[in-house]
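Asks: I'd like to ask you about the structure that follows.
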Amino acid sequence: MSSLLPLLVAVPIAGALLTLVVGYAADRLGWPLAFASSLLHVALTGYLVVRAYATPDPLRYTVGGFRPPFGIELVVDGFNAAVVGLVAVVAVGVLVYARRAGPHSVAFYTGYLLLVAGLSGMSITGDMFNLYVFLEITGLAAYALVATGDDGRSAVGALKYLLVGTVGASLFLAGIGYAFVATGTLNMADLATKLGEVGYGSTLVRTSFALVVVGLGVKTALYPLHTWQPDAYASAPDSVSGLISALVSTVSAYALARVIYSVYTVEFLSSVAYAREFVLVLAGVSIVAGSLLAVMQTDIKRMLAYSSVSQFGLVVAAFAIANEAAVTGGVVHLVGHAVMKGGLFLAAGAIAMRTGARTVGEFDGLGSRTPLLGAAFAVLSLSMVGVPPAVGFVGKWYIALGAIQSQLWPIAAVILLSTLLTLAYFLRLVERMYFRSGTGAAAGADSPTGTGTATVADGGDDEDPTLGRDDTPTLGRDDDDAFAADDERFGRPSVGMVAVVVVAALLAVVLGPLVSAFEPLLEPTLETLL
Amino acid sequence: MADIQSLRPLAAVAVPAVAIAFIYASNRRPNVREAATLLAAASTFVLVASMVPRTLAGDAYVTTLGAFVPLGGDVVEFTLRADALGMLFGLLASLLWVVTSFYSIGYMRGLDEHAQTRYFAAFAASVSSAVGVAFASNLLVLFVFYELLTVATYPLVTHDETAEARAAGRKYLAYTFGGGVAVLTGTVLVYVLAGNVSFAAGGIEGLAGADPTLGRAAFALLALGFGVKAALMPVHSWLPDAMVAPTPVSGLLHAVAVVKSGVFGIARVVLDVFGPETVSNLGVGVPLAAVAAFTLLMASVIALRQDNLKRRLAYSTVSQLSYIVLGLGIGASLGGDAARYALVGGLLHIPAHAFMKLTLFFCAGIIHVETHTDDISEMAGIGKRMPLTMVAFGVAAAGMAGIPLVAGFVSKFYLLIGTASGGEVAFTVALLVSGVLNIAYFWPVVYQAFFEDETPDGHDRKPLVEYPLGGRTDVAADGSGGRGAGDDHASGDGVQARGPQRPADPESEYAVDRNPSDHTDQGGELGDGAEEMVENDADHEHDAHHHHEGGAPAGGWERRGWLGQESTWFMLGPILTAAVGSIAIGVVPGRAVFLRIVEEVVRAATAATAVATTGVVF
Amino acid sequence: MILDILLTRYNYVVVALLLPVGAYMMIENRNLVKKVIGMNVFQTGIFLFFITAAYREGASPPLVGDGGAGVTYVSPLPHVLILTAIVVGVSLTAVALALIVRIYAQYGTLDERRLREAYADE
């Protein structure tokens with residue numbers, strides 16, 4: 001059974017090659033091939049995830065027959081099974097969305113499949129250097145994907161992402177080097193025991209920990225290592241920002257947790273002075289600073305990007321607290337955030353396609369112009385704020401519980417107050433969408449004179465005598481007029497795009513109560529990790 | 001004390017929730033939509049009421065929905081449990097939803113409001129959450145519905161879509177989510193301390209022996225968090241601002257469901273989380289009561305200074321809610337019969353205040369719909385125009401002040417006995433002073449309505465009394481200075497958005513459609529009143545800063561009959577129902593089911609220390 | 001003392017020089033191509049660190065046929081790893097240069113400050 005593990009990486013890579021070769025010959029086959037590869041990947045992942053949760057022991061595979069301490073090992077346990085499943089599912093969702101939203105180039109489909117391969121590899125590898133290689137494959141694919149946008153801005157964003165990302169990966173590599181010098185091994189499980197033998201007080205070990213945390217912190221985009229992220233997310237095409245925001249930082253944060261638990265171990269965290277504090281401060285600052293920066297943004301995608309900085313602070317804080325409740329919360333929020341943030345980016349993209357609204361000011365009155373997308377966006381926002389029983393709340397509950405159980409009062413306060421910080425930047429969007437008439441939005445990038453009629457119709461202004469005729473509800477009335485006005489100037493998102501966004505919104509709500517079914521599955525793994 | 005497995009508690013929460021879908025589906029057919037609301041309201045009430053008899057016998061209906069946020073061996077069950085305390089709140093909310101639904105229809109159609117579908121949907125969502133709050137079986141489930149209630153109410157507060165309404169909405173969310181954070185923190189602390197958050201009569205086992213400092217912190221956080229919605233000072237200021245909402249919202253939500261969910265939360269914390277004994281041991285009951293006493297006095301004084309009727313009612317709400325909290329705080333820190341009296345008084349004030357305040361808000365709303373008058377200083381002589389309304393207002397106001405034969409008397413009587421017999425005379429004095437202040441701020445309204453003349457030269461004529469008994473000079477002073485520029489602008493916008501009256505629609509099945517608000521007809525029959533209104537409306541089209549939209553028309557109020565000519569029965573009916581309800585609780589409290597529920601709650605909560613429970617009953 | 005370190009640990013000294021030099025170039029240089037060169041310098045520092053870690057005083061190349069048991073070998077593993085890392089580095093450089101070509105085609109400049117001005121004009 002575990003012999004299927006390498007296929008998790010091999011299938012998307014093979015798909016990428018096939019898409020590349022066939023796609024250049026017949027352009028129209030690009031999407032179907034990518035979709036077929038993705039579906040195969042989902043099926044494979046689904047099977048393996050079920051297997052992983054059915055058996056108490058992790059699934060293991062030794063690559064090329066080299067015995068583990070020397071060769072590369074692939075491992076799927078309860079912790080990364082969730083991440084692998086997330087990668088596969090989100091990837092398919094984004095591909096469905098990209099069918100209409102684009103980019104339609106073969107380069108995109110190839111890069112997309114390579115990204116999935118890299119992310120799957122990062123999730124299942126049990127070897128430190130192999131983790132570095134997959135980290136770079138993920139990075140390369142992500143840089144290329146960001147640059148698939150039409151304008152030069154996306155190329156600049158991608159280059160910045162590349163430079164900062166490479167420094168992060170290089171620091172991670174240096175950290176591996178220190179650990180290798182100290183122990184002479186690269187296998188995670190082997191490192192865990194050998195590092196303990198060397199002694200956690202050793203300067204080599206401590207330096208390697210610091211370098212690894214900072215390196216993965218760059219990839220996770222923790223403040224102040226986040227500088228690549230807003231530009232990359234904002235300049236990438238909508239599908240790509242959805243994909244990257246949902247997966248790349250997520251899997252990096254998972255890698256950070258994996259390294260902390262499986263390589264350095266919780267004992268290292270608690271025995272070495274300031275190790276835990278170092279990570280906690282990084283995370284806490286990230287939560288606060290990310291939110292404050294998000295409040296200051298006017299561009300929706302940049303705002304969502306800074307929101308990610310803040311939310312990953314929450315996840316990393318959970319992993320650093322490192323008790324059972326907090327780690328459960330970390331995993332839940334990792335998965336939940338991916339669904340919510342990916343959904344938000346995709347919703348923002350679809351809304352922009354429908355109405356041209358890309359800034360906070362242009363969200364005025366959107367609730368009646370795109371009722372379904374607007375509602376999905378609002379639900380995802382509220383879930384992100386942490387309104388129960390959505391998944392955003394459940395994650396926060398576990399993390400706060402963990403922080404208070406460990407009596408880490410300052411970080412507990414930051415975690416709990418993050419609700420209000422998140423509210424600060426999402427509330428204004430919801431308020432604009434539903435409780436302001438759409439003057440700002442209609443004025444978009446087009447000529448202001450052409451939008452006069454649309455403005456009146458959107459606002460439900462009483463000067464229009466037909467509107468005061470009876471008590472036909474505003475909602476229905478505005479839709480028609482706004483639709484007509486928007487149809488003239490903007491495209492319509494496909495059913496697939498809207499469906500993906502709506503499914504994300506529903507998942508955000510439904511996953512919350514479902515955590516009670518997931519927690520018992522995760523528990524045996526946590527017992528071995530902690 | 002048996003638990004009965006049943007789907008009824010879940011159904012009571014689910015029915016209004018499902019109704020939301022129907023309300024949106026019948027978006028374009030208002031009559032069907034309103035029928036859905038009424039049907040949902042009626043069936044929710046019947047569902048809740050059907051559980052009352054067994055609850056009075058000490059049983060509880062339970063719906064178990066499985067585990068929520070499990071951790072290791074510990075599981076927080078997502079369970080709805082309709083016990084006596086929950087029934088008190090659930091029954092109240094569902095009963096008054098029925099009444100308010102009728103009123104809403106009259107009010108929204110009378111004003112030809114925009115976004116009515118959103119309004120009715122959000123209303124159903126709010127009631128669903130409120131019933132969820134009532135039937136939550138543990139702190140976490142309570143928190144879930146408490147937060148949902150916040151979200152569901154937000155569209156109602158911001159309903160007007162004016163700058164003022166948006167600001168009020170922001171303030172509302174900031175305060176209540178801030179309170180939510182405090183509740184969540186308190187809940188987590190209780191969970192960590194006791195390993196359990198399920199309500200248990202007399203307190204959660206394991207909390208009594210916990211670290212007292214952390215225990216006090218948890219109590220303070222929970223009281224603060226619920227105190228936000230209960231509008232305890234200094235976290236009360238969202239409530240007066242939220243009065244920009246349509247009046248039925250102010251009535252049901254900001255006098256009953258939302259604010260009482262905060263009070264209810266405090267009641268759960270005092271009675272079922274910590275339990276009176278632990279509260280007493282931790283010494284947190286008296287500080288809570290002191291905050292409440294401060295609030296009820298300060299709010300009464302501030303209410304004196306409000307000229308806008310709804311704002312005055314809002315401060316009255318702030319003050320009256322603190323009676324309940326005071327009863328709970330004192331009741332938990334005293335022992336014996338005094339404690340029981342205080343608890344009964346506090347808890348009984350939940351329904352008593354609900355009925356009275358709902359009447360008062362409904363009166364304010366009907367005055368607004370019929371005459372566009374919001375300020376007390378402009379209400380001189382309005383008793384001629386709206387006789388039934390103002391009589392109902394007078395009855396409810398008398399009850400607020402604690403005059404016998406109305407609901408407020410009974411609950412305040414218990415509170416006074418409780419505090420006095422328990423030796424907490426300071427609180428008794430505070431209650432009495434507040435009663436006097438209540439009269440001071442309600443009397444001017446009644447006086448204005450019936451004994452004051454609205455014509456400009458008529459201020460010296462005293463048709464019924466020769467000397468003013470109070471209020472008049474105060475009100476005149478307030479009337480000139482009380483209104484800020486922001487108020488003027490916003491209410492100007494409000495009127496402007498409403499547009500002219502609808503013409504009659506003979507095909508409609510509702511009374512408001514067949515007999516549209518009288519002043520449309522009256523424009524032809526009687527002249528000046530309606531024309532003045534139309535003129536006013538027309539003015540606002542051109543001049544948003546024109547601020548005299550309310551008050552008596554030029555020729556004075558016309559005189560309307562006592563048989564409902566003043567407005568539609570869609571609004572008068574609910575007003576009279578609520579008023580009759582408050583009299584019923586006042587005259588025969590033993591027959592009204594609420595006192596019996598309250599006694600059951602107190603019996604269960606103090607069972608551990610009880611010697612004898614007789615003597616409390618009327 | 002310092003001379004001693006310079007003579008016996010000179011490769012570590014070079015690592016310690018290459019890393020800050022590369023980082024400085026990436027941060028301070030306004031030319032995008034030079035930033036990429038800085039990135040390469042930075043990576044090279046880390047490669048050198050790995051290779052140095054493999055070195056053993058007086059050890060022979062890791063070919064079993066040459067010496068047999070009892071002989072110390074240099075560690076082969078870092079060499080293999082760094083070969084991989086170099087390949088990764090080359091790919092990164094290629095992608096970076098491709099992006100730079102696109103940027104130049106679009107804006108006609110590789111100067112970071114002028115690019116920002118071009119942004120403002122858009």
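The count begins at 1 with the first shown residue.
Just so you know, glycine gets a Cβ as well, placed from its N, Cα and C.
Per TrEMBL, the features are:
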- A:6-26: transmembrane segment (TRANSMEM)
- A:33-54: transmembrane segment (TRANSMEM)
- A:74-97: transmembrane segment (TRANSMEM)
- A:106-125: transmembrane segment (TRANSMEM)
- A:126-422: domain 'NADH:quinone oxidoreductase/Mrp antiporter transmembrane' (DOMAIN)
- A:161-183: transmembrane segment (TRANSMEM)
- A:203-222: transmembrane segment (TRANSMEM)
- A:278-296: transmembrane segment (TRANSMEM)
- A:303-322: transmembrane segment (TRANSMEM)
- A:334-352: transmembrane segment (TRANSMEM)
- A:372-395: transmembrane segment (TRANSMEM)
- A:407-427: transmembrane segment (TRANSMEM)
- A:440-484: region 'Disordered' (REGION)
- A:449-458: compositional bias 'Low complexity' (COMPBIAS)
- A:495-518: transmembrane segment (TRANSMEM)
Asks: Using Cβ atoms only, state whether the transmembrane segment (A:74-97) and the transmembrane segment (A:334-352) have three or more pairs under 8 Å that are 6 or more apart in sequence.
Replies: yes
Asks: Kindly say whether the transmembrane segment (A:106-125) and the transmembrane segment (A:407-427) touch, using the definition of 3 or more Cβ pairs under 8 Å where each pair is 6 or more positions apart.
Replies: no
Asks: Counting CB pairs under 8 Å, which listed stretch among A:6-26, A:303-322, A:334-352 touches the transmembrane segment (A:407-427) the most?
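Replies: Result: A:303-322.
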Asks: At a threshold of under 8 Å on Cβ distances, which of A:161-183, A:278-296, A:303-322, A:372-395 pairs most often with the transmembrane segment (A:334-352)?
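Replies: Between the stretches A:161-183, A:278-296, A:303-322, A:372-395, A:372-395 has the largest tally.
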Asks: Cβ under 8 Å to the transmembrane segment (A:33-54), counting only same-chain residues 6 or more beyond its ends: which ones?
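Replies: Residues 1, 4-5, 7-8, 11-12, 14-16, 18-19, 22-23, 76-78, 81-82, 84-85, 87-89, 91-92, 95-96, 109, 112-113, 116, 120, 521.
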Asks: Looking only at residues six or more beyond either end of the transmembrane segment (A:161-183), which have a C-beta under 8 A from one in the stretch?
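Replies: Contacts of the transmembrane segment (A:161-183) (Cβ under 8 Å, skipping residues fewer than 6 from its ends): 128-129, 132, 135-136, 139, 142-143, 146, 190-191, 194-195, 197-198, 202, 204-205, 207-219, 225, 227-229, 231-232, 263.
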